[in-house]
Amino acid sequence: MAEQYDFDVLVIGAGPGGYVAAIRAAQLGLSVACAEGRETLGGTCLNVGCIPSKAMLHASEYFDAAANGAMAKMGVKVTPELDLDAMHGQRKDAVKQLTGGIEFLFKKNKIEWLKGYAAFTGKDSVKVGDREVRAKNIVIATGSSVTPLPGVEIDQKVVVDSTGALELAKVPEHMVVIGGGVIGLELGSVWRRLGAKVTCVEFLDQILPGFDGEVRKEANKIFKKQGIEFKLSTKVTGVAVKGGKATLTLEPAKGGEASTIEADAVLVSIGRKPNTDGLNLEATGLKTNQRGQIEIDHDFRTSAPGIWAIGDVVPGPMLAHKAEDEGIAVAENIAGQTGIVNHDVIPSVVYTWPEIAGVGLTEEAAKEKGEVKVGKFPMLANSRAKTNHEPDGFVKVIADAKSDRVLGVWAIASVAGTMIAQAAQAMEFGATSEDIAYTCHAHPTHSEAIKEAAMAVTGKPIHV
Ligand code: FAD
Ligand code: NAI
């Protein structure tokens, strides 16, 4: 007798991985349910991640441009007044609209939202609240949450994680950011722009691990110029909170004499960890690896038949667009199609000012694989950036010395996040630096810097 299932596909988690997988599976004609324990759909990204952080970054950019003289330079003189409640209001509106949009898409695609946290009861069944459901395919898309710093308690008032840092009720006088990664630099930038003194304590000898070495150094220089103070090669060994103030104990990363600094806000941003607690994976026989991730094969299958996994809970960069692409691919694989994600070409963007973006290999990683040619072009020599008073940064194209195939592209520029899409597309199509150099780019655009950096690979840019 055929097995009786409630659904063809059950997705656990409605973040960018899970909700996209659910929609694509429904579009392919499968019956779909999605379990989500939050009150709204959209996961970390829409509720407390990408979207609210960008709302605060965008708004604080306006404030900063008015306050620091950037607007006055262009003949627009204003004295800004900060209405932090209104700024938070527009952040909440953006989140409400976008999470509501996913709820609309679920209804439109006839996806049943099982409200609550799901736990496996068997290899093809989960319990959500009082309801137990069976599904032919189960996709684990439970995402990630903040990595705690041992001995440091997050009270979301003085010591906050990224969620608390999005919601501070007043601008702190001094914010200490623990961790010079993406969250520390984005949210540190928000509060610096709004008037806080910001100190960033980073364990490694440079910020932004995983990014190209030259980009990391240049970014550090730019943030320093903006007023962020960096304590590199330093670790936080304790945070004591008293009367609304924090005292942090710092030590050199390699050990040595301790020192203290005071702060009225501390942001703990030392990374994120996969969410598997509470899933009762034991019922499926699945185990997590040393980093707490669920291992998958190329098609997003776990080692348990019928169970798939995607997004932050599996190995790879913890990025919303990676989770989304995996969501589409896993649904296509479940439907018997061929869903593929090219994990070698996943762009990464830090939404600071200027933005920092990259795709493919860093120069260091490329050199480990073989001989390379590198072309660089400064934003100072790009007519649009110069006209807009945005001189900081550069574009760098790394190509294989023999084949000229582009291996990586890195950029620091006001709109680097938008520019990097063309580099990703070129790499997806196997472009050489010459292909980019001979592609006509509209003038005057920041993107011309990518063309000129590609021209520089063989030594022939025009404007430097
Ligand atoms: P998530 O978005 O984490 O969603 C998982 C969902 O599963 C959650 O809603 C959770 O409630 C639910 N869940 C967990 N367990 C269960 C269970 N047992 N039952 C039911 N539901 C469950 N990435 C970018 O690409 N660009 C950015 O600009 C960016 N900005 C960020 C800013 C911040 C402050 C943070 C914290 C992250 C940011 N990220 C950004 C990372 C991005 O948010 C994640 O990579 C992305 O959300 C991962 O998607 P996901 O679907 O795997 O998981
Ligand atoms: P991260 O991994 O980017 O950076 C953490 C930093 O903390 C590292 O530089 C690390 O060396 C440092 N660190 C670790 N332990 C430390 C300690 N004890 N003391 C001092 N420094 C310490 O992690 P982050 O910033 O928390 O972000 C988490 C994830 O969220 C990232 O992996 C990123 O992919 C994602 N994200 C993406 C964004 C984007 O795409 N724009 C924005 C925000 C988050």
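Just so it is clear, glycine is given a Cβ too, placed from its N, Cα and C backbone atoms.
Unlike curated records, TrEMBL annotations are generated automatically.
The active site, proton acceptor annotation in TrEMBL covers His443. In sequence order, Ser383 are the residues near His443 (active site, proton acceptor), counting only same-chain partners six or more apart with C-beta under 8 A.
Spatially close to Gly143 (FAD binding site) yet at least six residues away along the chain are Gly13, Gly15, Gly17, Gly18, Gly43, Thr44, Pro274, Asn275, Gly311, Asp312, Val313, Ala323, judged by Cβ distances under 8 angstroms. The FAD binding site annotation in TrEMBL covers Lys54, Thr142, Gly143, Ser144, Asp312, Met318, Leu319, Ala320, His321.
Taken residue by residue with DSSP, Leu185 (NAD(+) binding site) is part of a helix. Feature annotation from TrEMBL assigns NAD(+) binding site to Gly179, Gly180, Gly181, Val182, Ile183, Gly184, Leu185, Glu186, Glu202, Gly271.
In the structure as shown, the Cβ atom of Cys45 (disulfide bond) sits within 10 Å of 24 other Cβ atoms. According to TrEMBL, the feature disulfide bond maps to Cys45-Cys50.
Per TrEMBL, domain 'FAD/NAD(P)-binding' is recorded for 7-327.
The feature domain 'Pyridine nucleotide-disulphide oxidoreductase dimerisation' is assigned by TrEMBL to 346-454.
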TODO: Please go through the binding-site residues Gly179, Gly181, Glu202, Leu319, His321 one by one and keep those whose C-beta falls under 6 A from any atom of ligand 1; give the result in sequence order.
DONE: Leu319, His321
TODO: Determine, to the nearest whole angstrom, how far the Cα atom of Glu202 (NAD(+) binding site) is from the Cα atom of Leu319 (FAD binding site).
DONE: 21
Task: Alpha-carbon distance [Lys54 (FAD binding site); Gly179 (NAD(+) binding site)] in Å - done: 19
Task: Among Lys54, Gly143, Gly179, Gly181, Ile183, the binding-site residues whose C-beta sits under 6 Å from ligand 2 - done: Gly179, Gly181, Ile183
Task: Spatial neighbours of Cys50 (disulfide bond), counting only the binding-site residues Gly181, Leu185, Leu319 and Cα distances within 10 Å - done: Leu319
Task: Which recorded positions sit within 10 Å of Leu319 (FAD binding site) - Cα, from Cys45, Gly181, Ile183, Leu185 - done: Cys45
Task: Spatial separation of His321 (FAD binding site) from Leu185 (NAD(+) binding site) - C-alpha basis, Å - done: 20
Task: Listed binding-site residues (Leu185, Leu319), ranked by Cβ neighbours within 10 Å, top entry - done: Leu185
